Amino acid sequence: MYWLIFTIFAIISRATYSISSKLLSQDIKVAAQSHALLLTGSSAILVLIFGPFFGGIDFLSIFKYPMIIGAVMLSCSFGNIIFFNGQKLLDASMTQIAFSSVLIWGAVLSLFFLNSTFSIYQIFGMLLLLAAIIFTQYERRKFSFNKGVIIIMTAAIVFAIFQVTSAIASRYVNTVTYLFYANLATATLVLVLNPKTSLKDFKIIKRNITNTISKTLFASLTSMIYMIFSFAAYRLAPDRGVVVVLLTSQVIISVIFGVIFLKERNNIPKKIIAGTIAFIAAILINQ
């Protein structure tokens, strides 16, 4: 059952990352793509520094398993970029509702590429979890398929691909190598696609360098911890598709952490109900 423990730690660390990244975006006023560059670039540097102490980076793995590593890199980098662009067109609630479709895409892709099998209880648990995610974000606003929603749902598909390809990669490469390529790809692509924005925002960052470093390190460390635990769960789980599905529950934990640490006290009863539903859903999915 170590895989389940690692999955729980991954969910908690991902929720912590949502708090740390929000603090970063609030305090460091730069473009969303520049936030992605800060986070993934610093993570790649940390992996280069500390990687040799934890098994080292197999730089040749990209030549040994080009399809797998390439899929991880492309899905991670494009998923981030698509999400950031869609996020600018929607408020936070609508973004989470649209992105919750990652649960369905992850389950479907797991059936085809991870040979997962889901029982009736697990399918019911997935539907409950999806309902909890939507319930915690819904604020009686009209939900229509505008441009922003379509972009976020596209990001959800790409992120589901990233989760499934990460699960596949866990059978072929070590954790340090996975972390390096996933983060380096995103940082490089953001830099290549947005050089002018990155250069302009760098001038802003220089004026607030101490705060930027502290907030970026906190966010990048929590992101890396999430990736380490999720990768370990993929390695050990008897059915990696279950891990893919369970990781989606981080949305609920993120909302609860927002109440505790960011004092987001609106609609607390609704958030408690959603958390309870998500807990029941997790039990069913783990059957």
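In case you wondered, yes, glycine gets a Cβ from its N, Cα and C as well.
Per TrEMBL, the features are:
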type	residues	note
DOMAIN	2-136	domain 'EamA'
TRANSMEM	36-57	transmembrane segment
TRANSMEM	63-85	transmembrane segment
TRANSMEM	97-114	transmembrane segment
TRANSMEM	120-138	transmembrane segment
DOMAIN	147-286	domain 'EamA'
TRANSMEM	150-172	transmembrane segment
TRANSMEM	178-195	transmembrane segment
TRANSMEM	216-236	transmembrane segment
TRANSMEM	242-262	transmembrane segment
Inset, instruction - Count up the helix, strand and coil residues in the domain 'EamA' (2-136) according to DSSP, in that order. - result: 112 helix, 0 strand, 23 coil
Legend entry - Mean of pLDDT values spanning the domain 'EamA' (147-286): 86
Inset, instruction - Count up the helix, strand and coil residues in the domain 'EamA' (147-286) according to DSSP, in that order. - result: 122 helix, 0 strand, 18 coil
